[in-house]
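As written in TrEMBL, here are the features:
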| type | residues | note |
| --- | --- | --- |
| TRANSMEM | B:6-27 | transmembrane segment |
| TRANSMEM | B:61-83 | transmembrane segment |
| TRANSMEM | B:141-161 | transmembrane segment |
| TRANSMEM | B:167-188 | transmembrane segment |
| TRANSMEM | B:220-239 | transmembrane segment |
| TRANSMEM | B:245-263 | transmembrane segment |
| TRANSMEM | B:275-299 | transmembrane segment |
Amino acid sequence: MEPYAAVLALLGLLAVVIASVYSLSYALAPPGTPAAGPFLSGARPEEHAMSRYHVRWYAVTLLFLAFDMEMVFMYPWALVVASVGAKAVVEMFAFLGLLMAGVLYAWREGALRWS
Amino acid sequence: MGEATPVWAVVALPLVLAGLICSAAALDAVFCAGGRPADPLREGVRLLLQQRRRTRGADLLLMRAGVISLPVAAFLAAMVIPLGAAPVLPSSVGVVWFNAMEVVAWASLWLTGWGADSAFPLIGGYRFLAQGLAYELPHMFALITAALAAGSLDLGAVAAAQEGLWFAVWMPVAFAVYLLSALAMAFWGPMGHPLAGDVAGGVPLELAGPDRLLFFAGRLALLAVAAAAAVPLFLGGGAGPWLPAWAWSLVKTYAVLVPLVWVRQRVPVVRMDRFMQVAWTVLIPATLLQMLVVGLVVLD
Amino acid sequence: MVLSARLARFAAARPPSFLVAAPGATGTRLRAEAELRRRDRRCVAAPPAAAVLVVCGRPGAGLGAAVERVWDGMPGPRARVGLGETASREEIAAALETTALEPAAPPSHQDEDVPMADRAADRDGLKLDVLHVPLGPVLADWPAGLALRLTLQGDIVQAAETVVVDAPEGPSFWDGPWLRAAAGQPVTVGEAERRRAASHLDGIGRLLAVAGWQHAADQARALRDEVLADTPAEALTARYAGFARRVRRSRTLRWMLTDVGVLSSETAGRYGLAGYLGDAHDRLTGRLDEIGQALAQVDAQALLTGDGGPRGPIGQRPSGALLAVLPRLMEGAELAAARLTVASLDPDIDQLAVPAEAAGG
């Protein structure tokens with residue numbers, strides 16, 4: 001079997017399973033999907049919950065992005081270390097060292113602790 | 001790429017995954033005080049018979065996209081994991097594929113939490129994003145360390161490279177971090193803050209009926225797939241005496257999955273405002289050192 | 001339809017429950033929890049996950065409205081079980097056994113649409129969206145009758161207001177032996193110490209549940225029920241020692257509770273809360289010590305004379321001071337820390353009731 005045909009067949013199967021969960025619910029459960037208030041310990045909501053959320057760890061997201069970009073290089077790097085030799089290890093860890101200096105700075109500034 | 005997929009692998013994958021999900025659910029029930037193995041089945045039937053439900057301001061499309069993407073992501077991640085010798089999708093970049101699929105859970109949880117238009121699920125969804133920032137980098141470094149030692153991103157080749165000595169033995173830090181991140185990616189047990197009781201169950205709080213069923217099945221699927229991926233990455237894949245390769249894969253998967261399920265009873269939940277600093281100042285340097293050691297061994 | 005009737009029976013065998021306790025119904029709550037545990041029935045953290053709503057005691061107007069709203073949001077098949085304040089074990093068992101799940105009726109009232117979240121300045125002066133999220137009165141692992149109206153930005157508490165939802169019912173179940181002794185009735189030290197140990201185990205059970213350690217919380221509650229059920233001292237101390245060792249040794253728990261809800265000696269002195277000094281972990285270990293001491297005295301036959309109840313001198317009603325200090329501890333805390341703080345202080349609203357006559361559970 002071609003791999004991609006196999007993947008598509010399995011995805012089709014999963015789609016059937018998920019669809020049958022919903023169809024079983026439609027067949028067996030009471031009809032309709034009535035709306036309920038959100039659970040707020042028994043209180044009435046004062047506003048929609050969907051809102052601009054105060055994300056206090058935004059500094060960590062920036063730090064994360066720097067490393068995440070670095071991962072793009074790291075996956076191919078892992079394949080060539082043996083053939084390129086010491087140069088590859090030195091260069092990658094020099095780069096990682098620079099990034100870790102950034103982490104050190106962020107840590108000293110308290111960006112990793114917010115409460 | 002390009003090799004044919006054996007038909008038995010295509011048939012086996014959904015069966016094995018379903019078996020892992022069911023047995024993980026039954027085990028979890030048994031480990032709980034007063035639980036019985038049939039409890040999850042009972043709950044599943046109850047949810048199928050239950051009145052469907054939505055919150056008044058809910059964005060049903062987003063919420064369902066979040067719920068459904070959870071089992072889909074786990075299923076797609078499972079395709080590159082070899083059961084014995086052959087995965088469904090033999091891929092030269094299997095490790096990257098696994099990594100990418102498992103990150104889909106970030107979107108799943110956030111969409112489910114946001115789509116419900118309810119404060120506690122919303123908070124739970126954002127908790128998982130913070131959790132992702134903490135666990136994902138150590139997790140990726142652990143994956144790369146295994147790939148580096150094997151010189152390949154193909155999970156089959158990574159397993160084959162461990163002939164004689166499992167990676168779990170000579171890179172214990174990477175293995176330990178991988179297990180921790182397996183808990184985190186399935187938001188299970190100590191890493192279950194997005195679903196914790198202090199926000200009344202968090203992300204899936206407002207779900208009922210089929211939505212709730214698929215959400216929790218998807219979570220167990222993620223946990224099972226994370227356990228299954230540990231086998232080719234760190235435990236020598238299907239290699240072992242007497243038994244066929246697929247049987248060894250299963251035995252080793254359970255050897256990882258059972259402790260992961262069990263640990264929920266042993267450890268309280270970990271909050272990211274405390275864990276973030278440890279993740280960045282201890283786990284990342286530790287995994288990088290582990291990678292450096294492995295890199296030096298590879299050079300030799 | 002035979003099949004779906006069978007499936008329904010299979011699914012309804014041990015339905016998950018959500019438990020609400022009204023003020024003054026602590027005894028009923030404890031009996032209901034014990035009966036649910038005896039039947040291996042799960043209690044869940046939120047009503048949408050439950051099939052049975054168990055209401056202990058008689059809710060007043062405020063709690064009653066909250067219970068109705070929560071009931072409206074519960075998907076069917078579902079059932080509501082009301083248990084009176086004086087319901088005996090047998091009555092509770094019968095009520096739980098005979099619960100029949102029924103399809104949900106359409107909601108009794110529709111809320112009007114609500115506006116989008118508005119912005120307000122946070123504590124650093126930034127303009128940020130604000131959510132109003134009340135904690136309680138209908139909340140798992142939460143003191144009966146208490147509501148905290150939180151103003152959140154993200155998951156940070158900007159402001160908190162303590163509300164006692166209905167008039168406290170009293171007398172406090174946990175202070176029972178001391179109240180009766182104060183009224184001149186003969187009460188043994190053993191009985192009072194049993195009550196003290198059970199009170200602390202109840203609070204620790206809540207704290208552990210809020211800290212996400214359900215297994216240890218279940219252990220604490222099982223122990224609590226045994227203490228109240230007059231189990232002999234030898235059997236209790238051995239089991240308690242194992243539990244206390246487990247909780248004390250958990251490094252994760254210490255890591256998560258340290259520096260949460262810190263009560264400085266200055267604040268504690270001002271509010272008369274000397275027994276609550278330190279952070280949530282200090283209070284936890286302090287209580288574990290007290291339970292150990294109390295369990296050593298459960299057979300003492302001497303007559304009770306003091307007024308040092310589980311929460312401090314009962315005449316001073318420490319729960320009033322706990323409620324007064326709560327808003328200060330909430331402001332600037334994360335929601336998770338706020339819940340842990342409340343659980344670690346464990347105020348008993350029933351203590352605030354005007355004592356009409358000495359009585360106990």
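Just so it is clear, glycine is given a Cβ too, placed from its N, Cα and C backbone atoms.
Bear in mind that TrEMBL entries carry predicted annotations, made automatically and left uncurated.
Most Cβ pairs within less than 8 Å of the transmembrane segment (B:220-239), among stretches B:61-83, B:141-161, B:167-188, B:245-263, belong to B:245-263. Non-local neighbours of the transmembrane segment (B:275-299) in the same chain are 130-131, 133-135, 137-138, 141-142, 144-145, 148-149, 151, 170-171, 173-174, 177, 180; each lies 6+ residues outside the stretch with a CB under 8 Å from one of its CB atoms.
When Cβ-Cβ distances below 8 Å are used as the criterion, the transmembrane segment (B:245-263) is approached by residues 12, 16, 20, 23-24, 27-28, 31, 82-85, 179, 182-183, 188-190, 223-224, 226-228, 230-231, 235-239 of the same chain, each at least six residues removed from its ends.
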